[in-house]
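According to TrEMBL, the domain 'Nephrocystin 3-like N-terminal' annotation covers 119-291. Annotation comment: TrEMBL describes 406-485 as domain 'GPI inositol-deacylase winged helix'. The repeat 'ANK' feature in TrEMBL is assigned to 701-721, 735-767, 805-837, 838-870, 871-903, 904-936.
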Amino acid sequence: MEAAGLMDVIPCLVIRGICDYADSHKNKRWQDYAAAIAAAYAKELLSVVHANQVVNEPKAGSSSELYHYQNHNVREQKWSSSLTVSQSRDQIDDWLFERLSNYDQNKVHRRLLHKRLLGTTQWFLDHPHFKEWFTGNTTPTLWCSGKIGSGKTIVATSVVEELIYRSAELRAPTVFFYCENERPSTLQGSYILSSLIKQLCQFLQVTSRHIPEDIVQDIHKFFKHKRTIPDFEDLEDIFFRLFRYVPNTAYVIDGFDALGKEDCGSLLKLIRHLFASSSNHTGSKCMLLSREQIPGLTDITTLIPEIHHISTFSNVMQDIQTYIETTITDKTMSRKLTTNPSLLDEIKSVLLQESSGMFLWVYLQLEILWDTCFTDAQIRSALKKLPTDLGETYRRCAERIIIQDNIAIKVLKWVSFATRPLHIEELKEAVAFTPWDTQWDPERIPQQDFIAGSCANLVVVDPIDSCVRFAHHSVKQYLENDRRNHIEGYPVNTEQGEMECGEYCLAYLSFSDFNLQVTKCKDEELTVNVPAPAILMNGVLGSSFIAPFLRIPRGRKAFVPVRIPNIHPTGTSGRAKYKFLNYAVSNWAIHTKHISNTSSSWKRFEQVATNFSSTWNFHPWVCGGRSHRSRLHGLFGWAVKEQHEALLSIALKSKKDLLAVCELPLVDENLPALHLASKLGYYGIVKTLLHLCRVNVLDVEGYAPLHHAASKGHFSVVKLISSVKGSDVDILSKSGCTPLFLAATNGHASASSVLVEKNAGIEKECHVGGPPLPTPFLAAAKNGHWAVVEVFLQRGIKPESEDSQRRTPIFIAIEKGHRPVVKLLLEWGANPDHKDRRGFTPLSTAAIHGDETVIQMLLKKCKNHNPEDDTGRTPFFWASRYKNVGAMKVLFENGAECNHTDSDGDTPLIYAVKRDDARIVRVLLELGADPNKKCDNGPTPEFWLQELGEVWDLLVEYGATPSVLHMLP
């Protein structure tokens, strides 16, 4: 009763520990225990319930105030019956934005903008192509290209600044992304699209504009806690809709050539599609910046013919001169290189002349001069021996690294293979120990200047965020081109480099400082005084209305003693002093993906993975609870998502417990492990899971693992799953789809071929409660998937397969304009004279759609060029009806009858006259239509005299007699 009264006053959840009726004597002995249990449960509940922003909550007050609130807006209460909502339906929470993309474009922009010198890049802003792109709508795409280190990114920052100023005036967004090699995980097409989607949605939200409900639903579907992991096509669909919805947007993507060939190609195809014509871009514009040649792809002007092009070559010399003079002035403040003014002028002149338009080359030469030259003679000697290109410059820098100094090698490893740039304080700790150390020794931490100087100008400390990076991303490319011949001790491949970083992380987390081992606690109890419930409620509610009911009885103390277990947690007060700890915790598992059980670090790896500490939680995965199975499920799910076979092998050691949870949706996902791995195409993981999980289980979306693999076209996974004993290759989803239907619909020929070999139903028409879906064969023809259609034909399927309307695949292919499919079907013997339920033939369908090429294909195969449908109309009639002049002429040249009458007695000419279509009337008359052909019914002659106009004149011109004219319908 007390709980009911509380819940009636304020919206809350009450957790009670029941004790008074625990035995027949109704004593209070269990009260302390019950209170402790309730508190423990509440703490556990709060640890797993997601926090929401609470809005429109009533304040605890008088009953009249509460009544007014409850009756103020009934419709809103129905919309949110719990009164606890995150935001309105068309809005997105900040935490969801962070899950959508953790890329902070403004932070990156500020850091890069800091490198720009005042007065530089003005040549680009004054360029006619840029002005046309910036101010007009006729040129939606612009491409800036240049060599490595020629200042393209600085150009991008200047353009973004100009666009942001423009956006403030037009209330239109500027959306941008800088591709940086230092974070390999960001160099994916999906990552870039996620950021662009986030920026557009944030703009809509900040400007109080509605976000379309379907987009919000998709973002929730793909990025909420229970979600379905999106692929590039999923994100592409969301972005395409947002692109249409948010016009006049300026997009800038810098350095996209750093992406892999597939991602780069997909991104460029999307941009070409969105900005293909002036009518297609809704006032939006896009600027791309990259090298001249994109690895593995043709020139951008070939992929996007309409794009305007500006090259940095020969345009940046004035900026380089400004950069040389400014840098020399700045460096002279710390050390004078020479007191000879003429020598300084010579340095400026030589560097400008030899720069070849590359700021990076100039920067490195100045750094080398200041680090190695201390006399005028040394300066002159260095100027005579300047390296010819960046490769030679990097080689000289590498030669200056002290090989015996292990710290320099460690710095290069971390800058090369860390998942993100390390802060200088993190890096100082990361290089201060070895993988064999067992205890942290802070006295081994090197000084910051030593870290920066140990790699001979190849790495720098960014003055904005104090992170350590390569002087340019091309440094890493140089090191990777010929690892063994550059620096001794540098990893021979990426796998080794990542593994070595992982071993350092494991060693760090295994230090005795973090008390990873389990410690026994004494059974102790502690008695504490807590305020009486009445005092707590008075403090919370503060209402004169209920205060009389909460008074403390006489003789009762204001505080109640409660006995609880005495817990001795390991203190974390010193956590802040371990600068490298957060990185090690977040990334040890990522770096050790390739670890084997024969590795010297395997014991540490297994210990860190399996031991749980509530104080030092070293696990990057999220658990659904605190039980052993919950933690096992969290480890298992993370291993599957990240394709971490070593972690998965550890989870499989607890097979009995894993069997109980392996088919549950993963934490923060909407799919079980096998379904997720099948969708993402993780062959090795799927192969392992098939020994553990049932193969025909449907997920919440109603898909089996085979559905996911087939819909995404993962050939090897489809083959693997379909070969498992008991696998149902024709299993129906909740929507009635078979795996073959999904593979055929999406054009996956290899996957379709595998399923057909396993005797999947090619002509299986499925439905679950609703209208039937097309067969896989018809679906492939409808979507124009030529290769899939060919697979089915080769397997012996007849091209005359019919749907419920008696339409064969050739009908559907013609309707959708898929000429290659039409040609293929005809080659395999499709009947061009087949009639559907309305009496239509493929020729009639082609005439309606006006496809002259298809009409010519069909005429070569058709026996009858004038087939009649149920209304008595011929293909020529339908071509004229839909004003397809080209089709009319092709049909007429191949024997089509232009004076044929339909079941209503109309000829094509009469029908055109009825519609007062002078253009088609003229064409028909030119083709020989008889202007004196009579019709049985129609308006009065007076009507034609008053209304016919141009059509009347045409009929008269081609010999129609007045008597016939007056009888026209």
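A Cβ is built for glycine as well, from the same backbone N, Cα and C atoms used for every other residue.
Across 701-721, 805-837, 838-870, 871-903, 904-936, stretch 701-721 shows the highest tally of CB pairs under 8 A with the repeat 'ANK' (735-767). Residues 839, 841, 843-844, 846-852, 855-856, 859, 865, 909, 911-912, 917, 919-920, 923-924, 927-930, 933 of the same chain, all 6+ positions outside the repeat 'ANK' (871-903), place their C-beta atoms under 8 angstroms from a C-beta of that stretch. Note on the repeat 'ANK' (871-903): mean pLDDT across this stretch is 88.
Remote same-chain residues near the repeat 'ANK' (805-837) are listed as 774, 777-778, 780-786, 789-790, 793, 799, 843, 845-846, 849, 851, 853-854, 857-858, 861-864, 867, 869 (criterion: CB distance under 8 Å, separation of at least six residues from the stretch ends).
Assigned with DSSP, the residues of the repeat 'ANK' (871-903) fall into helix, strand and coil as follows: 16 helix, 0 strand, 17 coil.
Counted with DSSP, the repeat 'ANK' (735-767) comes out as 16 helix, 0 strand, 17 coil.
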